[in-house]
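A.B. asks: Right, I'll just put the structure down here and ask away after.
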Amino acid sequence: MTADVPTLMLMIVVSSVAMAAALLVLGWGNWRDGLHYWAMSLLVGAAGYVLFLLRGQIADAWSVVWGNTLMSVMFAGLLAAVRNFQGQPMQWPVMLVPPLFMAALMQHFMANYGLRVACASYLLACQTLWVWWTLHARRQSSPGRGAWLLAAGLAVEAAMLLARGSSALASAMEGSSILHGNTVQTLTFMVAFIALLVTSMGFVFMAKDRADETNRRLAGQDALTGVANRRSIIAALERAVASALRQRQFMALMMVDIDHFKHVNDRYGHLAGDQVLRHVVALIQQRIRAQDMVGRYGGEEFLVVLPDTTLQGARALAQQLCDVVQATPCAWEGGHIPVTLSIGVYGGVLAPQDAWDLLIHAADSALYCAKAAGRNRVELAQAQGPFTRPGSALSGTCPTPLS
Ligand SMILES: Nc1nc2c(ncn2[C@@H]2O[C@H](COP(=O)(O)OP(=O)(O)OP(=O)(O)O)[C@@H](O)[C@H]2O)c(=O)[nH]1
């Protein structure tokens with residue numbers, strides 16, 4: 001099976017330039033995730049192929065030495081793209097060793113086509129595997145389908161280069177040329193073309209996967225405080241309720257509200273109010289466990305979901321929060337803003353009919369009681385028995401009549 005090698009090379013050049021141009025146009029002014037390194041590498045690779053295509057028409061030193069060196073620079077650039085995507089620093093002195101090595105090897109073996117092909121193929125295979133390994137070693141920073149596609153494309157490319165190097169060593173290639181069509185040449189450049197498409201698509205998908213993930217995270221986040229927003233914290237509560245019911249475990253919930261927050265806004269201004277919200281969130285986050293979750297339920301109201309926690313445990317934590325917030329006024333413009341919290345706590349073993357909205361209602365009722373009883377305090381919603389619909393166990397749990 002043979003195909004016209006110059007045509008295959010031309011296809012690679014045209015696709016590389018087209019993809020690079022698309023990436024450069026799309027990413028212009030907003031370079032991120034290493035896409036600019038990828039685009040530049042494609043252009044360098046295309047230039048290398050153009051020099052191969054001109055074999056016989058320009059000096060061999062240009063076509064052989066520079067053509068192969070540019071191929072090696074292209075793989076150094078792909079490595080740079082992956083490292084940039086992963087947020088790793090560039091190590092140019094190390095990353096540019098292979099291209100320098102390639103230039104020296106090509107000079108040295110200029111007269112021996114077979115050895116030249118073998119050396120160039122093995123060196124490029126090593127560089128491809130280096131990119132693959134960099135991707136693989138930090139899988140957590142590039143999860144998703146894109147990374148799989150890229151890894152697969154790199155693996156195929158490396159396998160093809162190793163096979164080409166071995167075939168060059170095994171067969172006498174004197175008198176042959178890179179532009180001659182034979183089975184190995186055809187396979188080499190067909191695989192190179194496919195690998196170019198697959199790896200580039202994989203890299204772009206990687207960037208897209210990351211953008212999707214960032215959007216998903218932001219959609220579930222409260223922009224001011226950085227904790228879960230109302231939708232996310234309710235979703236987390238639903239999951240915690242389902243898990244507590246399945247495993248017949250305790251769970252607790254706190255509704256935390258900043259006292260007289262309107263007064264903070266009125267006296268110090270809204271920016272100060274925002275700072276107080278962040279301050280309170282930071283203090284809460286410092287004291288909850290990894291499996292707990294805090295979210296902003298409303299203006300100055302926060303929900304804290306506490307899986308596998310008894311009512312008494314939640315009450316102790318709530319009291320700690322009240323104490324620490326009172327003892328740590330919020331720093332603002334060289335002074336301090338005193339802050340206190342009221343907290344309503346629900347905790348217990350759930351009954352099958354209990355739902356997240358009932359638990360919120362319970363914690364909210366207890367919070368109402370805490371406000372009514374003078375603020376800066378903790379009140380409990382339900383201390384015994386399964387939780388039931390409002391109007392039964394919950395009503396009348398306020399220890400102090402509302403004023
Ligand atoms: N700075 C700031 N203020 C907010 C934000 N969201 C809500 N608020 C304000 O929070 C205040 C809530 O006031 P109230 O519901 O009367 O509660 P309160 O003053 O804390 O009174 P109690 O809860 O009864 O102690 C209102 O003034 C809202 O404008 C926000 O994101 N930033």
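Cβ atoms here come from the backbone N, Cα and C positions, even for glycine.
As annotated in TrEMBL:
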type: DOMAIN; residues: 249-383; note: domain 'GGDEF'
type: TRANSMEM; residues: 6-28; note: transmembrane segment
type: TRANSMEM; residues: 35-55; note: transmembrane segment
type: TRANSMEM; residues: 61-80; note: transmembrane segment
type: TRANSMEM; residues: 115-135; note: transmembrane segment
type: TRANSMEM; residues: 147-167; note: transmembrane segment
type: TRANSMEM; residues: 187-207; note: transmembrane segment
A.B. asks: Using a Cβ-Cβ cut-off of under 8 Å, list the residues of the same chain that are 6+ residues beyond the ends of the transmembrane segment (35-55) and lie near it.
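C.D. replies: Long-range Cβ neighbours of the transmembrane segment (35-55): 6, 9-10, 12-13, 16-17, 19-21, 23-24, 26-27, 62-64, 66-71, 73-78, 80-81, 84, 177-179, 196, 200, 203-204, 207.
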A.B. asks: Mind checking which residues reach the transmembrane segment (6-28)? Cβ under 8 Å, same chain, six or more beyond either end.
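C.D. replies: Long-range Cβ neighbours of the transmembrane segment (6-28): 35-36, 38-40, 42-43, 45-46, 49-50, 52-53, 179, 186, 189-190, 192-193, 196-197, 200, 204.
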A.B. asks: Using a Cβ-Cβ cut-off of under 8 Å, list the residues of the same chain that are 6+ residues beyond the ends of the transmembrane segment (147-167) and lie near it.
C.D. replies: 82, 117-122, 124-125, 128-129, 131-132, 135-136, 139, 184, 187-188, 191-192, 194-195, 197-199, 201-203, 205-206, 209
A.B. asks: Could you give me the DSSP helix, strand and coil counts for the domain 'GGDEF' (249-383)?
C.D. replies: 60 helix, 40 strand, 35 coil
A.B. asks: Taking every residue in the domain 'GGDEF' (249-383), what is their average pLDDT?
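C.D. replies: So the average pLDDT across the domain 'GGDEF' (249-383) works out to 94.
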